[in-house]
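Noted in TrEMBL for the protein shown:
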- 71: active site, proton donor/acceptor (ACT_SITE)
- 19, 23, 45, 46, 47, 48, 65, 66, 98: substrate binding site (BINDING)
- 6-138: domain 'MGS-like' (DOMAIN)
Ligand SMILES: O=C(CO)COP(=O)(O)O
């Protein structure tokens, strides 16, 4: 990825992940942003992705459930540079048995400069930005 692309990224693919307490907000958010999301290649962890497919009617590739390796699979997509953006609605009030996987995913998103939103407000700004074509470089 060139330096320009790292500063003004093009977003064509996005992963959607939500902890249990954040799944209802994720569904509400996905329904509110369906037109923008339909233009992207979507990936999701098992339960989040399944609910988005069913309750928002979006086409999404569902990986394993987060605690069973789904977070690691999303991290692998990032490491393979196959993912442009991640919306990860994190529950700030619960302890999670797979916290190491959550940390690893956030670390990889940071390392690879993946566009990242961890709450609905920033996710909205991210998906809006994703629908704007970046300026052409000369
Ligand atoms: O646990 C998760 C993210 O850490 C989400 O996984 P599910 O979408 O399978 O619930």
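Residue numbering: from 1, along the chain as shown.
Cβ coordinates come from backbone N, Cα and C, glycine included.
Note that the structure is a prediction, hence the values are computed from the model and not measured.
DSSP assigns the residue listed as 'active site, proton donor/acceptor' to a helix. In this structure, the binding-site residues 45, 47, 65 were compared by how many other Cβ atoms lie within 10 Å of their Cβ, and the smallest count belongs to 65. Averaged over the domain 'MGS-like' (6-138), the predicted model has a pLDDT of 94. Rounded to a whole value, the Cα-Cα separation of residue 71 (active site, proton donor/acceptor) and residue 45 (substrate binding site) is 7 Å. Long-range C-beta contacts of residue 19 (substrate binding site), restricted to its own chain and to partners at least six residues apart, with a cutoff below 8 Å, comprise 66, 89, 90, 91, 94, 96. Neighbours of the substrate site: apart from 19, 23, 45, 46, 47, 48, 65, 66, 98, residues of the same chain with C-beta atoms within 8 angstroms of the site's C-beta centroid are 17, 18, 20, 67, 70, 71. In three-state terms derived from DSSP, residue 47 (substrate binding site) belongs to a helical segment.
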